[in-house]
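Everything on this sheet refers to the single structure shown next.
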Amino acid sequence: MALLFYHLPFLPFLFLFLHFIASHSSPTQNLNDTLSFSFPLTSLRISPDVKVQTLSSSLVAGANKHGTRRLARPNSGSYNYKTTFKYSMALIVALPIGTPPQTQQMVLDTGSQLSWIQCHKKLAKRPPPTASFDPSLSSSFSVLPCNHPLCKPRIPDFTLPTSCDQNRLCHYSYFYADGTLAEGNLVREKITFSRSQSTPPLILGCATDSSEDKGILGMNLGRFSFAYQSKISKFSYCVPTRRTKPGVSPTGSFYLGQNPNSHGFQYINLLAFPQSRTMPNMDPLAYTLPMLGIRIGAKKLAIPMHVFRPDAGGSGQTMIDSGSEFTYLVDEAYNKVREEVVRLVGPRLKKGYVYGGVADMCFDGNPVHIGRLIGDMVLEFEKGVEITVPKDRMLADVGGGVHCLGIGRSNMLGIASNIIGNFHQQNLWVEFDLANRRVGFGKADCSRAAV
């Protein structure tokens, strides 16, 4: 059975912990703005027996309770770097970390703030994974001691999930919503792009205990994210389609800095919110888009625009998230989509079947035929910008001959937000222009974009 990859809410104190660290991070220097760095973004089949849930500062009720505020972005970029990435349920990018660099696989996640890597854990009875990072081999690696300000909060009204370990180092423990534990030490380390180009030391998590074999590349708007600490002005990725030859992983591209394809992108401005507004259901560090509506086939669904905008409490926020596989809609929007799907292909629905507890528009029949009956789906935004999901990519293969629409109910995740996941970002350049606070989209053959 295929893996459902999505964010879930986790302990509120984690959000507060990251915010405290962000507010105490020292500034980093800018590098040459003219360089362009790119990486491969590659598809790796994650074990079907594991439900992957990544850290996310979004989806946390009460996150604004302690005065979290949206922070200004750097005015210029430092890096231009390109790579390809692997894509299946998660977007996997391999980054060169340390001096000399060690290649680390990380989940590209625009919905979370903390970046962390898998570190070498010396156990005589069990050798470490070959892909783990060995700190002893890096001359730029350093750990944060217990007396570091990040490990000694001066905010009296909450407790941070850090402690001193037996070596007097700053230890963290993060719990996922499903009880999965990731823990280790807070450290400083560089990303080494080339002999002449690297980031200053960044604050990362060095995980020694985690159920996952890949790290997280946190890319949201928080000051503790990789994007902010590295002072990049923009980054972009191109997600390839899943359909490929047996045994071949679809490969896309990931850029840090200027993307040579951006001249054809269409941009929409990120929604901004007053720093003084307290919205318990709002993620102030997410990339919030001004979504207007949804079309299926030629029909505009009767969904009020306010359903896609945060209300006074933050419910209804629409965010784009590379770390979520499916797209999730609040009930008022989801019910209208389902109503139209039932009208078009109701008799073919798999009755009584709910995938992952969130998606109930699933089918046993031929996915190509069902997709043709449903038609294209279009997500509408301001300035006439649209994301078109063609009919042949409407359904996701979830295993066992079952295919689902790729849309779930967000309230089944315990959240009140709309999330545009990577399943609906296939064959699409998505650029996050941090300096101008906007997101750009451009149609592409992402497999070719990786060449």
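Using the three backbone atoms N, Cα and C, a Cβ is placed for every residue, glycine included.
All annotation found in TrEMBL is predicted automatically rather than curated by experts.
Under the heading active site, TrEMBL lists ASP109 (among others).
Taken from TrEMBL, the feature active site covers ASP321 (among others). The Cβ neighbour count for ASP321 (active site), using a 10 Å radius and every protein chain shown, is 28.
Feature annotation from TrEMBL assigns domain 'Peptidase A1' to 91-442.
Annotation source TrEMBL lists signal peptide at 1-25.
For ASP109 (active site) paired with ASP321 (active site), the C-alpha to C-alpha distance reads 7 Å. All protein chains shown were included, and the count of other CB atoms within 10 Å of the CB of ASP109 (active site) stands at 27.
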